[in-house]
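As written in Swiss-Prot, here are the features:
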type	residues	note
REGION	51-78	region 'Disordered'
REGION	189-209	region 'Disordered'
REGION	282-301	region 'Disordered'
BINDING	His406, His410, Asp447, Asp564, Gln615, Phe618	AMP binding site
BINDING	His410, His446, Asp447, Asp564	Zn(2+) 1 binding site
BINDING	Asp447	Mg(2+) binding site
BINDING	Asp447	Zn(2+) 2 binding site
REGION	685-736	region 'Disordered'
Amino acid sequence: MKKSRSVMTVMADDNVKDYFECSLSKSYSSSSNTLGIDLWRGRRCCSGNLQLPPLSQRQSERARTPEGDGISRPTTLPLTTLPSIAITTVSQECFDVENGPSPGRSPLDPQASSSAGLVLHATFPGHSQRRESFLYRSDSDYDLSPKAMSRNSSLPSEQHGDDLIVTPFAQVLASLRSVRNNFTILTNLHGTSNKRSPAASQPPVSRVNPQEESYQKLAMETLEELDWCLDQLETIQTYRSVSEMASNKFKRMLNRELTHLSEMSRSGNQVSEYISNTFLDKQNDVEIPSPTQKDREKKKKQQLMTQISGVKKLMHSSSLNNTSISRFGVNTENEDHLAKELEDLNKWGLNIFNVAGYSHNRPLTCIMYAIFQERDLLKTFRISSDTFITYMMTLEDHYHSDVAYHNSLHAADVAQSTHVLLSTPALDAVFTDLEILAAIFAAAIHDVDHPGVSNQFLINTNSELALMYNDESVLENHHLAVGFKLLQEEHCDIFMNLTKKQRQTLRKMVIDMVLATDMSKHMSLLADLKTMVETKKVTSSGVLLLDNYTDRIQVLRNMVHCADLSNPTKSLELYRQWTDRIMEEFFQQGDKERERGMEISPMCDKHTASVEKSQVGFIDYIVHPLWETWADLVQPDAQDILDTLEDNRNWYQSMIPQSPSPPLDEQNRDCQGLMEKFQFELTLDEEDSEGPEKEGEGHSYFSSTKTLCVIDPENRDSLGETDIDIATEDKSPVDT
């Protein structure tokens with residue numbers, strides 16, 4: 001199954017309404033057969049025209065919380081038309097993974113020797129209503145600087161559907177294009193640059209009389225848009241990437257969501273802490289206990305840190321040769337059953353548990369051998385079957401069978417999921433064979449020798465691994481070291497026939513992909529991908545060119561990351577088994593922390609953890625935004641995955657046990673405590689309400705709610721202490 005390079009195109013309808021008329025009536029343009037949507041209230045479609053609400057309305061959002069809209073979670077609208085994708089394949093020998101396409105040709109040139117472009121179009125996949133992730137809520141309430149006015153949608157483009165643009169850099173580009181279009185209207189000039197105003201997509205422009213009120217209105221709106229863009233550009237820190245703007249924004253929004261979640265209940269607070277500690281790259285101060293004299297003496301006797309721990313001497317090659325290798329790479333008495341399961345090798349949701357049962361608990365070796373045969377990678381890279389099986393068995397033996405989740409079963413599942421994602425119609429002919437080899441290999445080794453505890457546990461316990469890797473992606477660095485070290489074992493070098501350049505490039509790609517499985521890097525990965533996709537959406541071409549290493553590895557990193565977080569997108573039967581396993585591993589870590597007298601990590605205390613609520617939060621704040629962004633890249637290929645994800649989320653939501661009402665005396669104590677807790681914040685609010693805050697005299701406070709205990713004064717004597725109403729009004733947190 002060789003892969004070759006491609007240019008992907010989808011043709012869009014050219015039925016575009018008059019831009020000027022639309023700008024007066026709606027302050028944004030609409031194209032083709034799109035549906036009218038109140039975009040700034042949180043509804044969007046999978047693809048289509050990029051929309052921008054009036055600036056005045058965006059500014060007014062600063063005084064309105066997301067809850068004020070009465071919409072708890074944005075949703076999409078059902079659309080009916082499927083996009084048509086035309087793939088033009090090109091010889092992959094013409095493409096250099098690191099250097100990109102041959103010079104001198106545009107990637108869109110039909111005679112170009114190579115490049116891949118994902119063209120986002122104005123035709124849409126049909127799907128049922130589906131909730132949107134928190135990324136599409138307004139971020140206005142989180143911004144304090146007058147230069148940080150945020151918007152939650154984008155402006156018109158004739159090449160896309162009604163997508164909301166949420167990444168800051170793409171919003172700036174979209175706004176500048178709006179300014180340019182308005183300028184052509186105000187001056188009655190027609191642009192001549194094909195790059196910025198393709199003739200095919202240029203909307204008809206009406207002549208405007210400078211004396212008309214509409215002219216003055218449009219001029220003022222244009223000036224305000226330009227001022228907004230300048231304010232945004234002035235705040236950009238030049239030493240940081242533009243995608244970091246999106247990463248910081250998403251982190252602010254997630255922190256806001258987690259604050260609300262933590263205030264709802266004790267279990268909600270635990271889920272909030274787990275998500276924050278695991279998926280946000282927080283540089284927390286860590287108390288590392290000082291080693292005792294006995295510990296120091298013990299460490300002197302330990303092996304040098306330059307040696308890679310966890311590598312065992314195993315012999316699998318003595319009994320292997322090309323004639324003795326079985327059909328699926330493993331010895332089994334259930335070959336027919338195994339063959340039946342592997343019929344789903346190219347499908348999303350293969351039952352890896354059955355594969356493990358029929359392969360004598362060799363799921364990784366079995367799956368990898370099947371994938372390499374399916375893709376003809378053994379022949380392409382001249383890998384002998386016995387060398388491949390020897391390496392895979394050695395690798396699988398370095399996964400710990402006593403670890404409930406991060407074992408060879410999980411590695412096999414991620415490898416198979418990556419294999420399917422690589423075969424997605426939108427990406428099927430995009431990546432080279434070397435990139436495919438690197439992605440599948442990275443998935444196979446990404447958790448090897450996992451001890452069943454988190455990076456933070458290793459850091460907190462002053463482990464050798466944490467010291468070796470300076471607390472940075474400790475386990476991920478270790479997985480890479482072990483995975484590559486095993487290639488040096490006898491009869492294990494599956495890359496021996498690669499050229500020096502191929503080997504160096506593969507190693508570089510594998511390192512990038514495995515390091516991306518560090519969950520603390522999740523928000524940065526998400527922001528990078530979303531910024532890349534949305535930036536291309538607002539350009540005149542609307543083409544996502546994968547013609548350089550940075551863009552290509554960015555897609556591959558997110559692909560492996562998606563595969564690593566794919567459990568909630570599988571069938572409920574499989575998802576529940578994975579959930580049971582990860583919770584068992586969490587609880588085992590919690591027991592170790594309890595034995596050591598350490599603070600138990602969130603979701604690791606088997607006595608207090610809420611499994612159902614943790615899965616709902618995991619989907620809402622981590623999995624859904626990631627897969628939603630991936631679906632934007634490869635649409636409509638991921639629609640079924642999103643549907644399954646929503647079904648699973650709803651099932652776990654329905655299984656959350658209803659908490660009983662607390663005793664009345666506890667309510668009284670809570671109310672009294674709340675009055676004492678929020679008295680200071682109420683005083684600040686009253687002071688703020690007396691007038692505008694003076695420059696340089698701002699207050700810093702943390703309360704996100706005002707809580708009042710109300711007692712009817714006329715019936716105070718006749719009421720017991722339990723007759724108390726608690727009125728709560730949500731307020732936005734203020735960070736300084």
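Cβ coordinates are placed from backbone N, Cα and C, and glycine is handled just like the others.
Location within the structure of each feature annotated in Swiss-Prot.
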residue : record                : Cβ within 10 Å
His406  : AMP binding site      : 23
His410  : AMP binding site      : 24
His446  : Zn(2+) 1 binding site : 29
Asp447  : AMP binding site      : 25
Asp564  : AMP binding site      : 22
Gln615  : AMP binding site      : 26
Phe618  : AMP binding site      : 24
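Annotation: Asp564 are the binding-site residues among Asp564, Gln615, Phe618 whose CA atoms are within 10 angstroms of the CA of His446 (Zn(2+) 1 binding site). Neighbouring residues of the recorded Zn(2+) 1 site, listed in sequence order and excluding His410, His446, Asp447, Asp564, comprise His406, Ala411, Val414, Ala443, His450, Thr517 (Cβ within 8 Å of the Cβ centroid).
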